Each structure stands twice: as structure tokens, then as C-alpha cells.
Amino acid sequence: MFRSKRSGLVRRLWRSRVVPDREEGSGGGGGVDEDGSLGSRAEPAPRAREGGGCSRSEVRSVAPRRPRDAVGPRGAAIAGRRRRTGGLPRPVSESGAGAGGSPLDVAEPGGPGWLPESDCETVTCCLFSERDAAGAPRDSGDPQARQSPEPEEGGGPRSREARSRLLLLEQELKTVTYSLLKRLKERSLDTLLEAVESRGGVPGGCVLVPRADLRLGGQPAPPQLLLGRLFRWPDLQHAVELKPLCGCHSFTAAADGPTVCCNPYHFSRLCGPESPPPPYSRLSPPDQYKPLDLSDSTLSYTETEATNSLITAPGEFSDASMSPDATKPSHWCSVAYWEHRTRVGRLYAVYDQAVSIFYDLPQGSGFCLGQLNLEQRSESVRRTRSKIGFGILLSKEPDGVWAYNRGEHPIFVNSPTLDAPGGRALVVRKVPPGYSIKVFDFERSGLLQHADAAHGPYDPHSVRISFAKGWGPCYSRQFITSCPCWLEILLNNHR
């Protein structure tokens, strides 16, 4: 029974992996992204289905599905006919068949020509000629058809060689993964399976394994790299791209320690330099994107006042946790939640090293934005709030403050330490799902103390994070107060 249960857990974990989705294509093309930019979308999370012409491959969960090759060319032809006509499957007359083999005879259920219905098939009525034309295979003269990444059935030697190579790589990945998972105890397998099936909603504890000399495709594959690529990021190449979250064993352990945590949801990918999307500045003169100044216009003053009201008048909001007479240890930051220009709820003081800020989380504690009520909310705010999901993990670490995007939609960050030194343009960084970014650098902040302040009110210890919507020169929203849902992180000066 013990061996049987462990084997079942290993098989469930293998079926829960994600693979690049090459069947749906890029899916995006033109159009405006949900963040308001004209650029390509960020790398989607395993459950995200947003399309977008992204350079990275979309990932999807592996679903138990009957492969096309399993029914043979005859079954594939019947399935293709059924998708085009929407009728019942009919037997295909073999070449050289007798007069009794009429193409109008319907196959009996369970017979040789019968193909059972599948929930994964798309049935289109033949009466709708437009849909039939859209679903029909394209002419060979179509350049997009020639660029199809999926080889046709029964292709030439090159396509068969590519398929055989993919099968060999898949088999090698399965062998290496099984060899690693079978080293884990039943409790560790349960923890790992819960984290994978909840998509990080229940990250669970550390899953420690000895540092093994695993190799995949002739390259070293540490446990955290192997499972991170298997369950979260199929395009992950090196372990240095991963950052352990605070509280994980690998966060405090030595880099060459005897054990390492392989829970993929105890790691995040580092957010490197990005190429910004095509700016909206080509539609407007660039002089509009100067730093805010009180003398610019009434709109500039309004936006500046809205985003700095908590700084200029901190005593306006009464919070017992922020009182200097409080006996609690000093908080290292306070979090304010805004919807456009309206602050919702009270300041949330953070005392722990890390805090979760979320809309809906299966397990855990922190700042729940879903419990903050407002009498009148616009439709854009409601839509954006529904995209917050697991939200972010904000942590204070020795080198600075980090934000980890736990949700399924990107977040957008602006911080004094992210701006270019001496630059006048507003820098807003896009953080895809599953990525982390250092939103505040303690070392760089010391240099900002002696730098000349920008025009207008300026707070060197304030970080702004917007959910799902970007702002600034590269987006249609020029100010943070135009974003439906955003956070203001007010860092305590006494660190």
C-alpha cells in the first residue's frame, strides 16, 4: 500500500507538469494589451489564458487526452470530417472495396469505423459557411500555413526526425524526474503535490533533497531547476535565474550546502532588464512627460496632491498601530490601497519580515484587499480587482525590499531606486507572473538622500505598485491615479 500510494503521487505530479503550447500559436497579433500598452504580453502563468504575441511559449497543464496518432490515419480523417461537418462519424471507404462499402453507411458504435465523441473536439455546424471556412485547412499558398510550427501528419523525413527527437527528450525528462521524485518521502510528495495543484496558493513547507548530480540533455539540472522547469517555467535555462523566497531553507542556507529545497513555489524568477513596449509618446509630444511640477497645470497638481497626500498629512488618518506610544516593535513599512484617486481602508502597518497582499488566497494571512468595501465602484475597478488573485509577497531582505508577483497578471512598479540616476523620465517596470523584483535598494537609497530632489513633492521612501495596469510614458495612463487598483508602500525611515 505504501509503495502504491507513493507511485500514485509521482504519477499525479508528472501529469501536473506544464509544457509549451504549440497548438494555439501566438494567438495575439495586434491590439492593445490589458495593461494599456501596445507591446507584447508578459510570460503567462500556467493558468493564464490571455494570448498575446509573446516571444515566450505559452504554457498549459497536461490534460489526459487521446492522442491523434492513437486512432491512426483513418480515425484522424474521420475526426477531421466530423469537426468540419458537425455530423456523426462515417466510415471511410477503403481503396479497392467492394460495392457493399457505401460511404453513406453509418458506423455502428464500437465497430471498426467508430470514433467516440471527445470533449476536447470542436464541432462546427456545416450551415455556417464562415466558420467552416475559418476552420478549414489553409491553402498551401498561404504563407502562414507554410510557417506552421506543427508538422503535418505523415510528413517527410525531417518532420519524422523532429518528432522522434521530441519523444526522446520527453522520455529523458520523465526518467530524470521520476528518479528525483522517487527519492522523496510520502509526506514530501504530498507537500509538493499540494503546492503544484494549488498553483502556489498553498505553497506548503520546504521539500528538501540532497544536492544530486542530475543531468538533462547533457547539461547539469539541479533539483530546483528541474522542477521549476517542469511545473512553472518550461523556458528556464539556469538555476541562477531563480531566487528563493524569504522563509525558504534555500534562502538562509549556504549555496553549497548538503541539501536544497526543490519546491518550485518557494522560488521566483528574477526580473531582468526589459525592453519597454512601443511608447504612446509617438502619438503625443514628449514634452508632456516631464516630472510633475506644481506650476505645470491644474491636472498635474491634482495628480501630485493625490499621490502625496499620505506624505504631507500623515496625521490625517488615525491608526493606533502607528502611534509613537505603541508598545509594539516599530513597523518597517505601511501599505495604502487606492482605487484611482480614492484611498480605500486604513493604513496597514507591516511588522513581519514578509507580508502577503492579496484579493483571495486559499491559505495564509496578510492584507486582504477583498475585504475592503466601497459603496460605488466603477466597472474597470471591479474587473481589475478580480485579477489581483494571490496578489504579491512583499518582503524586507538584507539588500532591500522585494516584491514577488504571485498572481496570474502582471504588476507594474515605480520606485526611486528603479529610476535612472539623474534621469527625468518616469520609470515603470513590468513584472510578469512568477517573477520578483527589488522594488527598493537600500544601498542606492543612501545615494538618493544627497541627490537634488525632483521638481515638485518628492518622497525617496515611497514605492507604487499597480495591479494589471501600467502607467507612465509607455502607456495610455500617464499618472498612477489613473490606474484602477494600486498600492502605495510607505517605507519607515528608521530601518
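Quick reminder: no glycine exception, Cβ is built from N, Cα and C everywhere.
Feature annotation from Swiss-Prot assigns Zn(2+) binding site to CYS206, CYS248, CYS261, HIS266; the stated evidence is similarity to another entry. The Cβ of CYS206 (Zn(2+) binding site) lies under 8 Å from the Cβ of CYS248, HIS249, SER250, CYS261, ASN263, HIS266, each on the same chain and at least six residues away in sequence.
According to Swiss-Prot, the feature domain 'MH2' maps to 332-495. On the 0 to 100 pLDDT scale, the model's mean across the domain 'MH2' (332-495) is 90.
Among the features that Swiss-Prot reports, omega-N-methylarginine is placed at ARG74 (among others).
Per Swiss-Prot, omega-N-methylarginine is recorded for ARG81 (among others).
Long-range Cβ contacts of SER436 (phosphoserine) within its own chain (separation 6+, distance under 8 Å): LYS243, LEU245, SER268, ARG269, LEU270, CYS271, TRP402, ALA403, TYR404, ASN405. Summarising the annotation, Swiss-Prot assigns phosphoserine to SER436 and lists similarity to another entry as the type of evidence.
Taken from Swiss-Prot, the feature region 'Disordered' applies to 1-115 (among others).
The annotation region 'Disordered' is assigned in Swiss-Prot to 133-161 (among others).
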Using the CB centroid of CYS206, CYS248, CYS261, HIS266 as the Zn(2+) site centre, which other residues of the same chain sit with their CB within 8 A?
GLY205, VAL207, LEU208, PRO244, LEU245, GLY247, HIS249, SER250, PHE251, CYS262, ASN263, PHE267
CYS248 (Zn(2+) binding site), number of other Cβ atoms within 10 Å:
20
If you count Cβ atoms within 10 Å of each one, which of the binding-site residues CYS261, HIS266 comes out on top?
HIS266
